[in-house]
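Reading through the structure tokens given below for one structure.
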Amino acid sequence: MSARCCAGQLACCCGPAGCALCCGCCPKFRQSRSTRFMYALYFILVALLCCVMMSKTMPKEMKEHIPFYEDLCKGIKAGDTCQNLVGYSAVYRVCFGMACFFFIFCLLTLKINNSKSCRAHIHNGFWFFKLLLLGAMCSGAFFIPDQETFLNAWRYVGAIGAFIFIGIQLILLVEFAHKWNKNWTAGTASNKLWYASLALVTLVMYSIAAGGFILMAVFYTQKDGCVENKILLGANGGLCLLISLVAILPCVQNRQPNSGLLQSGLISCYVTYLTFSALSSKPVELVLDDRGKNVTICVPDFGQDLYRDENLVTGLGTTLLIACILYSCLTSTTRASSDALQGRYAAPELEVARCCFCFGPDGEDTEEQQNVKEGPRVIYDEKKGTVYSYSYFHFVFFLASLYVMMTVTNWFNYESANIETFFSRSWSIFWVKMASCWICVLLYLWTLVAPLCCPSRQFSV
């Protein structure tokens, strides 16, 4: 019995399936999804560790509840109160280790076409040893010599990588919009109700966008002053109108019949969200009233009430941040999204209209069911070829590590950053969000006008 248990534990450490899949009562799970889940779990652990390191109350709580805390800090040479293990510099070091971890696997898994090679087994297994490697790399970053030079250089590398990751997110959003419209439009040939669905969803999205801009004009502008907010709202609202008009131009429709108002409505909703998020992150403006007191303008009167419960807001914000990053990482590494990022799209005649078009059609696992072996209920779905690009998968997580580093440390306002003020107002966060908004619009416009600018090339969305 003990030998059997040891064999099971060894399979968890070195086998191609995650430890959670070693139990017979677990549902069937694809090997490709199991692998991505395990890497995502490692990413979540390090991201949560970074959030803990950015907490200004954590050192105090640990000092009160951990015996011999000060002696422990001195023993590991982390300062009298372990101040070297908290703050933005500690997050930079930990994220450096995680980024190096994913970058090494990115190089290690280049040009893997099936799961039978030795390098593919390393990618799909040895979870315990990879966890040790990740921990060692994150810990080893604290011993890099000349820390000041390292942090200054790594900060700019992190900013570049984070902006690239934002770009990938925006490209995926545009690709999602085109995929949505193409999938539902394919259903109109057999069922006219898809026309009603397209019209209803488009109307809802434009209503949300228009209502959002009206509310922002009411709460973030005043009759006198707030010139910057008025300009930004007018400019972004004008961009939403521009992309809507371009999407239905006859010359665009002739080259791209799948172009429509559904895509521009979704992009307009995202522009509305980013505009609201940017205005909420903008530092408040102070003016003197008639009594000579400083008062805030261009912000809602109820704005301060949203930040009273810091623990709730911080916990919810951190959860949403990690969830959005994981969604972008896992979505961008699917075969369809990878092809879209390279400009390759599925033929329209292969589309099958579905409400949940993000998922494959029912019954696609019929052939894969035969690959389920006794013991771990894992579907080995990569025997004929890899489902996703291993190398690209790790590269996206490498960029996500840099994005987490910059976001948690409040981008370029790192010295005063902490997780409790995650939603504090900052010019750097404001301009990052506004830049993301404008880049998203430009990317969508390019997908519309590219066939007109380059008529000799073949474009398909």
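In case you wondered, yes, glycine gets a Cβ from its N, Cα and C as well.
TrEMBL: automatically predicted annotations, no manual curation.
Listed features, source TrEMBL:
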- 37-55: transmembrane segment (TRANSMEM)
- 90-110: transmembrane segment (TRANSMEM)
- 122-144: transmembrane segment (TRANSMEM)
- 156-174: transmembrane segment (TRANSMEM)
- 194-219: transmembrane segment (TRANSMEM)
- 231-249: transmembrane segment (TRANSMEM)
- 261-279: transmembrane segment (TRANSMEM)
- 312-330: transmembrane segment (TRANSMEM)
- 387-408: transmembrane segment (TRANSMEM)
- 428-449: transmembrane segment (TRANSMEM)
Rank 37-55, 122-144, 156-174, 194-219, 428-449 by Cβ pairs under 8 Å to the transmembrane segment (387-408) and hand me the top one.
156-174
What residues elsewhere in the chain lie close to the transmembrane segment (428-449), defined as a C-beta under 8 angstroms and at least 6 residues from its ends?
166-167, 170-171, 173-174, 177-178, 232, 236, 239, 242-243, 246-247, 252, 256, 259, 263-264, 267, 270-271, 274-275, 277-279, 281-283, 410-413, 459, 461
Does the transmembrane segment (122-144) come near the transmembrane segment (231-249), with 3+ Cβ pairs under 8 Å (pairs 6 or more apart)?
no
Short question: most Cβ pairs under 8 Å with the transmembrane segment (261-279), which of 37-55, 194-219, 231-249?
194-219
Long-range environment of the transmembrane segment (90-110) - Cβ separation under 8 angstroms, sequence gap at least 6
43, 46, 49-50, 53-54, 84, 119-120, 122-123, 133-134, 137-142, 144, 151, 154-155, 158, 161, 390-391, 393-395, 397-398, 401-402, 404-405, 408-409
Under a Cβ pair cut-off of under 8 Å, which of the recorded stretches 37-55, 156-174, 194-219 contacts the transmembrane segment (231-249) most often?
194-219
Same-chain residues at least 6 beyond the ends of the transmembrane segment (194-219) with CB under 8 Å of its CB atoms are 181, 184-185, 187-188, 229-230, 233, 236-237, 240, 244, 260-262, 265-266, 268-269, 271-273, 275-276, 279, 299-300, 353
